[in-house]
Amino acid sequence: MQAHELLQYFRLPELVDIRQYVRTLPTNTLMGFGAFAALTTFWYATRPKALKPPCDLSMQSVEVAGSDGARRSTLLDSDEPLVYFYDDVRTLYDVFQRGIQVSNNGPCLGSRKPDQPYEWLSYKQVEDLSECIGSALLQKGFQASPDQFIGIFAQNRPEWVIIEQACFAYSMVVVPLYDTLGADAITYIVNKAELSVIFADKPEKARILLESVENKLTPGLKIIVVMDSYGSELVEQGKKCGVEVISLKAMEGLGRANRRKPKPPEPDDLAVICFTSGTTGNPKGAMITHKNVVSDCSAFVKATEKALVLNASDIHISFLPLAHMYEQLLQCVMLCHGAKIGFFQGDIRLLMDDLKALQPTIFPVVPRLLNRMFDRIFAQANTTVKRWLLDFASKRKEAELRSGIIRNNSVWDKLIFHKIQSSLGGKVRLMVTGAAPVSATVLTFLRAALGCQFYEGYGQTECTAGCSLSVPGDWTAGHVGAPMPCNFIKLVDVEEMNYMAAMGEGEVCVKGPNVFKGYLKDPAKTAEALDKDGWLHTGDIGKWLPNGTLKIIDRKKHIFKLAQGEYIAPEKIENIYVRSEPVAQVFVHGESLQAFLIAIVVPDAESLASWARKRGFEGSFEELCRNKDVKKAILEDMVRIGKDSGLKSFEQVRGIALHPELFSVDNGLLTPTMKAKRPELRNYFRSQIDELYSTIKV
């Protein structure tokens, strides 16, 4: 066959030929083709699309040149950390001024009474009230200076933010107090920060402060401003010990009659003294500047700018304590974009009711809340069929997650997950978790079930809340993301625990404009946290993963040795054991003269009965806690999970004692940030510890 004949043989059909062929097809066939084409077009137009990552997810951080192994975010164009995202936002005063502009004086702060809708103050109203309060402070003789400290002793509410903005407008510094610190710690902070004025939300808190003055423990306190109504006896109690008790309304009136022009702060001025509740000793006052907060806020905006455009229509639910930098940072992000902040009623038991009423788009959480949500969802799947459906649906959505797809409109959302999403108000598009480790199983399931962008961050007060964050598009769990654009992270050797930076493991150290100035009037503690080159030593042990993300694998603090010389990090072990279904809390204990570990275990009151029943045990919660066979079964389950999680044999506990009462702030066994107070736990359970060591033979 000649070449031209071959080409003619394989030629494409002419349009006339196609028309002729189509005319010969039956009508049903043509309709089928049309339907198929329409369906294909519809699928192509509506198919779920993966969120485009802002960087190569296989390389989320890179080494900084000449920095001894420090890594930075690949979202940066150079080896200089990000300080500001918006040119006109350098301080927290600037943050609020920008919020006024971009919201067009929209709603700012909202609150509600029981069974009532939210009522809102506009941005201009908040500015007006804050300037009145700030002017009143000046009229009372306080200085518009970063050396002037103002105490706030209140739950989250609009007045909290108004008073804080008053401080920022006149270059004053906020010192938050919270009742779970305990009376002794509050007294310590009042004296350490030399607080002469404190804003309290309730008369009960004012009485706590007055009693301290009456007992000559806080002689410097001169004014208490009370937000809620109170009786004349409180005023009289104050007069007797030389303290003026005045209402917030009266302060507003005083400031309105003596209005002063704001005196905005500089970026390097102090903004907040955030006292961290240590597990031992007195709390430490972390000195946080305006630049610290704004740089951390800017880094969050930079990291999410392509995936999440925050705007004035967004609504944030405020229930995590404003006394902590985590909530402070998130509110900074919201106010900077003119968003709305709605406050919970003050009772965590009513949070779900508040969520339904507010319908937030932004929902910050902590692992405790996520664990509770996860447990309740699976507790409701109480039949084999329900559990199978839940598992099947979550697996389908988790497969989409691995492809980078985030959505809440799939068939599985409509059939299975819609109720869960509606319980949060039905409009959540962003969730952030931090403050403590979260199980990869819990995080992956809730990312799938809730169908929103769900970021995990890591940090501490001393780096203004966050130093690493998930990158948009990377919805894998088991790590805490890449360095935030405002800071570098490096790992340093911890030889006693056999962690070497050369092997990609070591203590996590942070450097950048978000790192604090030091601890208030405590150079010794400051020197322990900040080295001479400005690196913050976190006390956490991290590991670099191949894609440039950071995984927290251990804890340097609280480590101890067993008799054979093995180093033990109890918090790592506790975080593994609490994954056991019947376990709510664990305190792992060891001693240098003992060769093995033991633990005090608080069973989960909600799940213990059903878990025990499946294994043939019956009885009340207290009876099950006393049952030796139940204790043995719980220990076996803990050891199984420990083995699956890679615990070494010497890291496994050899015996446990069951305790029916939760460790709590009220009984003195937890800090206000829900961390174990290990010395107190040791003393409290001394008899059980001694008994375990005397009865267990290895």
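Any Cβ shown, glycine's included, is placed from N, Cα and C.
According to Swiss-Prot:
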type     : residues : note
MOD_RES  : Met1     : N-acetylmethionine
MOD_RES  : Tyr9     : 3'-nitrotyrosine
MOD_RES  : Tyr84    : phosphotyrosine
CARBOHYD : Ser135   : O-linked glycosylation site
MOD_RES  : Lys356   : N6-acetyllysine
MOD_RES  : Lys386   : N6-acetyllysine
MOD_RES  : Ser620   : phosphoserine
MOD_RES  : Lys632   : N6-acetyllysine
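What Swiss-Prot annotates, mapped onto the structure for a quick look.
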residue	record	Cβ contacts under 8 Å, 6 or more apart
Tyr84	phosphotyrosine	Arg90, Val294, Ser295, Ser298
Ser135	O-linked glycosylation site	Leu254, Gly255, Arg256, Asn258, Arg259, Arg260
Lys356	N6-acetyllysine	Ser422, Ser423, Gly425
Lys386	N6-acetyllysine	Gln380
Ser620	phosphoserine	none
Lys632	N6-acetyllysine	none
